[in-house]
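One structure below.
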């Protein structure tokens, strides 16, 4: 009869029958009996004696995302795991005032990326060990703690010396990096199990975080002349937004819509979606003998025990009554997968999505070569510290637009995406011309860096989102969480290399701060600057 529990539908046997058109003996494996029966209904096979089984759990309608609430929640999830880091680097005016003559923004960027790379590698290993929501919750807590600590102890109470505060801020950025990256990597695996538009929603949320933080910094700086007070309010607003994202996640994870999609890949390991409590069975019907055998791949039987003595085996007599039952799934203790199995799972996924992995890595490598490091050091004698704030705001806003454009239904091939991502390398020499030669750059007008930042932001948002969105659809449902985590590893690899290269550009801006004699008088008011 073939091995029990196999996943193929065996051909019916017609040998030795009086009529070749009558099936006398047939065997079905696992839940494929229902699939065959459903197909048979449309062809009128029921009249020829083919048994039909139906399961009401399979007819459950797909829940609706009413009022796009789940999409909005996923957008805020994207806000939640980039908002803390953006909060640290967007108050660039406060950092330059408190730590003059230092590479604080470069140090924060490199610290964040190095810790984030380690975190995403660890999360990729633990994806089969720790539950999804455990990782996300831990990420939120690790992001909220440092934000609140720096707001109260450093910005408000100023409990530390300059050197201590410098080190503590870097440590806070490292803690935020670990928490937010575990959270980010988990969310991409999370949304990979949902329809594609929700991955795009998370990536749009990343850009929304930048836009919200840039607007928050501009408003607090305009409304509160005192730099310390404006920075404190700025950080407290960030804490409130992060807390809102966390609370919304706790609500959405229990919604019918999310549970419908996130439990399907889990159930597919057991057979068909929706049959989560069963463990599969085999049906064998011999018309000549009048027997119907139901077998289940139960644990190995004792040597002296017959298969028909197993509780997973049932026979009906010649009366023709069919029985269906599921044997409860045995409780199996979850154990660590072997190192070879981990590598094999990732290799299988990477073979399918390699072009998307390279595309997203190249996109973020080029971006991190320039943002936030080099962009934060661009100066103008009239606009002063307002210019880097405006440039970063333009980038965040255009990145937001690019990620919205990523929702357009364009059929990209992976190699074409990779080629377009590589073309963005042209932004590196263009931005260098905005700061070099030091004190008298070739493109000294403030409009140039704003235009380049606009174009770089749109292309970063688009080509940083499309590969992530498409990758999850190229693998099977049970591989989507792993594909999301693997794409995040590529994403973080690009960020890490880009941050390392960005340090090479710091020497180009080292003397730019003293090139403007009147820059300090222009920083007090945006009206005076314009």
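Any Cβ shown, glycine's included, is placed from N, Cα and C.
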From 6-26, 27-47, 48-68, 69-89, the residue range that Swiss-Prot assigns the feature transmembrane segment: 69-89
Same membrane side for residue 131 and residue 482 per Swiss-Prot: no
Candidate annotated in Swiss-Prot as N-linked glycosylation site, out of 396, 523: 523
Annotated range (Swiss-Prot: transmembrane segment) out of 325-345, 451-471: 451-471
For the topological domain 'Cytoplasmic' (161-166), residues assigned helix / strand / coil by DSSP: 5 helix, 0 strand, 1 coil
Cβ contacts the transmembrane segment (417-437)/the transmembrane segment (451-471), at least three under 8 Å, sequence gap 6 or more: yes
Result, the transmembrane segment (451-471) in contact with the transmembrane segment (167-187) (3+ CB pairs under 8 Å): no
Folded-back contacts onto the transmembrane segment (352-372), same chain, C-beta under 8 angstroms, at least six residues removed: 89, 92, 105, 109, 113, 392, 395, 413-415, 417-418, 420-422, 424-425, 427-428, 431, 453, 456, 459-460, 463-464, 467-468, 470-471, 474-475, 483, 486-487, 490-491, 493-495, 497-499, 501-502, 505
CB within-chain contacts under 8 A for residue 206 (site 'Essential for cation selectivity'), separation at least 6: 78, 79, 81, 82, 403
Integer mean pLDDT for the topological domain 'Extracellular' (510-530): 49
Helix, strand and coil totals (DSSP H, G, I; E, B; other) for the topological domain 'Cytoplasmic' (403-416): 6 helix, 0 strand, 8 coil
